[in-house]
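Taken verbatim from TrEMBL:
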type	residues	note
ACT_SITE	B:D52	active site, nucleophile
BINDING	B:Y110	substrate binding site
DOMAIN	B:8-99	domain 'Pseudouridine synthase I TruA alpha/beta'
DOMAIN	B:143-244	domain 'Pseudouridine synthase I TruA alpha/beta'
Protein chains: 2
Amino acid sequence: MNYRLDIEYDGSRYEGWQRQNRTTNTIQGKIEEVLSKMCETPIEIDGAGRTDAGVHAKGQVANVHLETEKSCEEICEYLNHYLPEDIAVQCVSEAEPRFHSRLLAKEKIYQYRILTGGHKNVFERKYVYPLQETLDIKAMKKAAEKLVGTHDFKSFCSNKKMKKSTVRTIYEIKLEEENGEIRITYRGNGFLYNMVRILTGTLIEVGRGEKMAESIDGILEAKERSGAGFTVPARGLILSEVRY
Amino acid sequence: MNYRLDIEYDGSRYEGWQRQNRTTNTIQGKIEEVLSKMCETPIEIDGAGRTDAGVHAKGQVANVHLETEKSCEEICEYLNHYLPEDIAVQCVSEAEPRFHSRLLAKEKIYQYRILTGGHKNVFERKYVYPLQETLDIKAMKKAAEKLVGTHDFKSFCSNKKMKKSTVRTIYEIKLEEENGEIRITYRGNGFLYNMVRILTGTLIEVGRGEKMAESIDGILEAKERSGAGFTVPARGLILSEVRY
């Protein structure tokens, strides 16, 4: 039976989603460990988004093939009982045999939070980037509009050895400002390695006046990482939703 | 000049508000350390609520006498710059010479959060008590009504050596249930050592059916700690507000 898992995690303590080897501390590794114990056989799961070290998720989706007599509710309970406090499985459901969380994902939504006001946010400090600068949000919105659409995002990818296509479609970039915080929501068909964090860094540089909104076209055309902005810290980023 | 400080903290990492000696890790100690550095002389501050180890605050108030040429904004900036990420000073303001944060406090509001639903709350896990049981909130509300008023709360105090009066007035206990979570808000003129946590443990035992709401009067009259409920964990508790 193929199961779909809806997963939430605080990525602060982990080296990202993807299992690398036995010694690395990853979210995928933690979940596989519990499922393998439950089924008394090695289990591998597939996640929709390979979030980096320190990145969080509210709507990560994974799928896994299991032979078990447990119900979905029982699997979910078992997982939450044995998983650490900062990883939760919100729901386990039966999926069609051919359902694949990553290959069939149509849209992914990421959100990035930037503290711009002078205040500290004690209770959400692990989920925001404390930039503490005033940014020109109008200019950032103008630049964001130029990033929306189907483009070659090679300039916004940290992986220099990337051999596959770097063309992606961004459907929407929404900027909201409230209580000394800017939230940027990205909705697209997929994102390259570090792409959301480089997009955000570039928008921040536009907001500071270091880059012009008009320069975005040229940065995309150049296909050179050096033309884009800095990579913002992982802590402000969350994978909000995966749509099929 | 006498200054009022409005303070917020995540108490998870600390041994409570009150400085005990040089080696203990307390919130008062951390703030005094920064102010002493700023003024180049030992500084002592007074806090309104002596929160226990692991208890949080959104509206802690302290006052401090300082000789400095810095403005309130500059003192606030200096504090937030040197304080750790989990302690924030939201506001520094000039206070009347006789203002004393603890002695003049008229009301304190504490809130306790209990997770009752089956879900895990990953992002707020350090601020809720994951009880994961279904509770009879009607019975709890009935018991809460019996606790409101002026009573000798000796049965709800952990400090056996308490020689001062254990009479306190609770103005209001509000119970709210939402999204698999119960929030209990206590408003009173003051609270004894561990009192809010014992009140909450007692209400939980009523919610479980282990104690009857009608037994509250007898528990109060007995003036015996053993009659009241268990002490809930510190993590779910927050000092929300101090009123003058």
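Our numbering is plain: 1 for the first residue shown, then up by one each step along the chain.
From the backbone N, Cα and C atoms, a Cβ is placed for every residue, glycine too.
Those TrEMBL annotations? Automatic predictions, nothing curated.
For the residue listed as 'substrate binding site', applying a Cβ distance below 8 Å and a minimum sequence separation of six or more within one chain yields B:T185, B:Y186, B:F191, B:V196, B:L237, B:I238, B:L239, B:S240.
Listed in sequence order, B:G16, B:Y193, B:N194, B:R197, B:A234, B:L237 are the same-chain residues six or more apart from B:D52 (active site, nucleophile) with CB atoms under 8 A from its CB.
The predicted model assigns the domain 'Pseudouridine synthase I TruA alpha/beta' (B:8-99) a mean pLDDT of 94. Counted with DSSP, the domain 'Pseudouridine synthase I TruA alpha/beta' (B:143-244) comes out as 38 helix, 31 strand, 33 coil. Secondary structure from DSSP puts B:Y110 (substrate binding site) in a beta strand.
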